[in-house]
Amino acid sequence: MAAAAETSSDKTLRNAFGSVLSFFILLLIGVLAFSIRLFSVIKYESVIHEFDPYFNYRVTQFLTKNGIYDFWNWFDDRTWYPLGRVIGGTVYPGLTLTAGTLWRILNSLNIPLSVETVCVFTAPIFSAFASWATYLLTKEVKGAGAGLTAAVLLAMVPSYISRSVAGSYDNEAVAIFALIITFYLYIKTLNTGSLFYATLNAIAYFYMVCSWGGYTFIINLIPMHVLLCIVTGRYSSRLYIAYAPLVVLGTLLASLVPVVGFNAVLTSEHFASFLVFIIIHVVALVYYIKGILSAKMFKVAVTLVVSIGLLVCCAVIAVLIALVASSPTMGWSGRSLSLLDPTYASKYIPIIASVSEHQPPTWPSYFMDINVLAFLVPAGIIACFLPLSDASSFAVLYIVTSVYFSGVMVRLMLVFAPAACIMSGIALSQAFDVFTRSIKFQLPGILGKSEFDAGDTSSSSVVAENDAAKPDKSGEKLKERSSRKNKKKEKELVEKASVEKTSTKSKIEKRLLVLPLEASVIALLLLVFLGAFYVVHCVWAAAEAYSAPSIVLTSHSHDGLHVFDDFREAYAWLRHNTEVDDKVASWWDYGYQTTAMANRTVIVDNNTWNNTHIATVGTAMSSPEKAAWEIFNSLDVKYVLVVFGGLVGYPSDDINKFLWMVRIGGGVFPHIKEPDYLRDGQYRIDSQATPTMLNCLMYKLSYYRFVDVDGKGFDRVRRTEIGKKYIKLTHFEEVFTTHHWMVRIYKLKPPRNRIRGKTKKSKTKTSATSSSRKSVATKKNPWH
C-alpha cells in the first residue's frame, strides 16, 4: 500500500511538473511567434504594409473616432466615385472591431498608443494566440507533446508569417486564430460531449464569420467530417452535440453580420451543412428508436423513418436545386466557383484571375512556405491512423482538403499551414517518442544492463507470476476477512493488479517498437538537423522575404542599400498639391492607398465589387489619348496616376498588368480586343509592338520623356528598348514624377485648351456667315 501511494504521489508530482513546464514552453512559443514578426519594424519602420491593410487602417481610424453606430452607417463618398460605398454593410468587421477594442482597452489603462501602432502589432499578437490554439487542437488529437511541437512549428512557418508580420493589418491576421480555435472547440466538444464547449464553438464560429470570408471552409469541412463519422459507423451523442448547436446557433449568429446577412441560408456554400443537419437527425432518431423498441418493431420503425427521411431529403434537395438553378452562378460566389473549377475565373471573371494571390502556386512555393513540413506531413497522416479516432480523422480530413485548396489558390496556403504544422507536430512527436524510448531501453548508463535483462526480456514471466500470485492472495484474504471494509480493500487490490497487468502489457508492446541504439541516435541527430534547417529558413524568410513593406522598397547593389520611397512621395504630393474634392484615377490596386494616404477620391479600389466600373478604367487605359480623355472627363477625373518600374527594375508596374486591363475592359466593352495589343501572340513594347499598343494611353503615360533619362529608352523590367521613344501628349500634362520614376501623375487638360482652335474657326465661320447675310440683305435692299 505504501509503495502504491508513493507511486501515485510520484505520478501526481510528475504531472504537475509537466503542466508547469508546458506552461512556460507555451509562453516562450508565444514570445517567439511575436518577436519573429518584428523584423519589418526593426529593419524599416512601424508602417502599414501592402494595399488592403490601408483600407482596414482607415476604417479603424473612423471607428475609434466616431464610434460603432456611425461605423455601421458609414457611407464612404471617397471611393468608387460617383457610386460610393456603404462600409458597414460591405466589410468583415472582425479585424476592425478587434483592433478598436484593443486600442480602447490600452487607452483605458493609460497606455497612450496610436491607432496605427495598434494596427501594426495586431497580427503578431494574434499569431501568438494562434500558436496556443494549435497546441490545444493538437493536444486533443494526439497529446501534449504533439501539441507543443505543432505550436512551435506554427509560430515560425513562413506561410503564416507572410500574412502576419508587423504591419500586415489584413483580415487573415485574426482569422487564422479564429479558424484554429473553432476547430479546437469542435474537437473538444466531440471528445467530451459538453454543451458548454458546443456553445463556445458557435461563438468562435461567429467570430470567424466576422473576420474573414474563408469561414465557408469551416461550415463545409465540419459537415464533411460529421458525414464521414456517420458513414463509418462512428455516430454518437457526442457527435450530435458537437454539430447540431453549431449549425443552429452558428447560422443565427452569422446572419447578424451585415456583409453576410441572409446569405448564411441562401447561398450554396452553406447548403451542405443543412443537408448533413437533416441526416444526423434521421440517424439520431434511428438510434433512439432502436433503444426503446424490440428487434422486430425496430425493423418496421426503421423502414418508416428511413422512408420519411428520404422524402424530406428529396424535398430539401429539390428546393435547393430550384434555388440554385435560378441563379446564373448556381448559387455560388465567383471565388467559390474558382476553387471548385480552377479554370472558371480565367474564363468568365478576369478580375479574380488578375489578382496574383488567386493564382495557383508553383512547387517551389510549397518548399518556400512550409519548407521541411512537406516531407513530414505524410508521416503525420500515417500516425493519425494508429489508432484512428474521431479527432484524428478530422485532422486527416483537414489536411486533405487544405492541400487541394492550396493547390488551386496560392492565398490558401495560409489555410494549409496550420494543418501541415499539426501533422508535422504529430509525426515529430511520435518519432521522438520511438527513438528516445529505444535509447532509454538500451543505454546502460540510464537503466543498467541487469535491469534491462530482468525487466524487459523476462517481462512475460513477470506478468504470468503476477497473474498467478495476486488472485491467490486475494482469494486467501477473501476467505479470512468477510467484512465490508476488507471486501472493499480486496476490490481495490484486484483493480490495482489489473492496472499493473495492463501497464505491463503496454510496456511489452512498446518494447516491440524498440529500434537499435545506433539507428535511434542517428535518427535523433537527423531530426535535430532537420529542425535546425527549418528554424534557419523561417528566420531568413521572416527577415528577408516577408518583412519588406510594399509601400517602401529596397535593393542591394555594389553601392550599398538603396531605399525607394516613391509611393509615399507621390501620395504626399497629391495630398499637398491638389484640391480636396479632386478625383484621382488609377488601376484598382492603388485605390486603398490613395484614399488612405492622399485623402483623395478614387474611381476604383481594391474592393473590386463593381466589374463594370473597373472595366471602364481599363478601357480608358487601353484607348487612344483622346478617347481616354473623354472617358476620364465624364467621370470628373482631374489626375491620373500610373506606376512605372522600367527605370529601376520594379516588375509589378502597370505595364506588366496592362493585359489584365485589356481583358477586363474587353469583357464589358467589346471594341477592346486583346489580339490588337499582341504581335503574333506575344506581348511586346519594343519596335515590334502593334500600333494599338504604341498609341494607347498606358503606353504614353508610362514612357513619356523616358528617353531623356539615358538617351535610349531602355526598359529594365522588359529588358528591351521601347518602340516609341518620342511621345507627345495633347490631352494630358505631366505634373509630378517621383525621384525614381516609379509613380507618375498626370493632369487632364481642360476642354478650352483642347478646342481653342476649333472655337476660333467656328467664330470666324459665324462672322463670315453673318457678313454674307448682311451683304445679301444689302443687295436686296440697297437703300438701307
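Each residue, glycine too, has its Cβ placed from N, Cα and C.
Taken from TrEMBL as is:
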type	residues	note
DOMAIN	20-423	domain 'Oligosaccharyl transferase STT3 N-terminal'
TRANSMEM	20-39	transmembrane segment
TRANSMEM	113-137	transmembrane segment
TRANSMEM	143-161	transmembrane segment
TRANSMEM	173-198	transmembrane segment
TRANSMEM	204-228	transmembrane segment
TRANSMEM	240-265	transmembrane segment
TRANSMEM	271-289	transmembrane segment
TRANSMEM	301-325	transmembrane segment
TRANSMEM	366-386	transmembrane segment
TRANSMEM	393-410	transmembrane segment
REGION	453-491	region 'Disordered'
COMPBIAS	467-491	compositional bias 'Basic and acidic residues'
TRANSMEM	512-536	transmembrane segment
DOMAIN	581-640	domain 'STT3/PglB/AglB core'
REGION	753-784	region 'Disordered'
COMPBIAS	753-764	compositional bias 'Basic residues'
COMPBIAS	765-784	compositional bias 'Low complexity'
Review point. Do the transmembrane segment (143-161) and the transmembrane segment (271-289) come together with 3 or more C-beta pairs under 8 Å, pairs six or more apart in sequence?
Key: no
Practice item. State the mean pLDDT for the domain 'STT3/PglB/AglB core' (581-640). Key: 93
Point to revise | Paired segments the transmembrane segment (240-265) and the transmembrane segment (173-198) in contact, 3+ CB pairs under 8 A | key: yes
Practice item. With a Cβ cut-off under 8 Å, give me the same-chain residues at least six positions beyond the ends of the transmembrane segment (271-289) that come close to it. Key: 219-220, 222-224, 226-227, 230, 235, 237, 239-240, 243-244, 247, 251, 265, 298, 301-302, 305-306, 309, 312-313, 316-317, 320, 331
Exercise for review: Could you name the stretch, out of 113-137, 173-198, 366-386, 393-410, with the greatest number of CB pairs under 8 A to the transmembrane segment (512-536)?
Suggested key: 366-386
Practice item. Look at every Cβ pair spanning the transmembrane segment (173-198) and the transmembrane segment (366-386), keep those 6 or more apart in sequence, and say whether at least 3 of them are under 8 Å. Key: no
Check your understanding: Looking only at residues six or more beyond either end of the transmembrane segment (113-137), which have a C-beta under 8 A from one in the stretch?
Key -> 26, 29-31, 33-35, 37-38, 41, 46-48, 53, 56-57, 60-61, 64, 95, 98-99, 102-103, 106-107, 147-148, 150-152, 154-155, 160-161, 163-170, 173-174, 176-177, 180-181, 183-184, 187-188, 418, 421-422, 425
Review point. Is the transmembrane segment (366-386) packed against any residues at least 6 beyond its ends, judged by a Cβ distance under 8 Å, and which are they?
Key: 141-142, 153, 157-159, 162, 392-393, 395-396, 399, 413, 416-417, 420-428, 430-431, 530, 533-534, 537-538, 541, 545
Check your understanding: Going by DSSP, how much of the domain 'STT3/PglB/AglB core' (581-640) is helix, how much is strand and how much is coil, in residues?
Key -> 33 helix, 8 strand, 19 coil
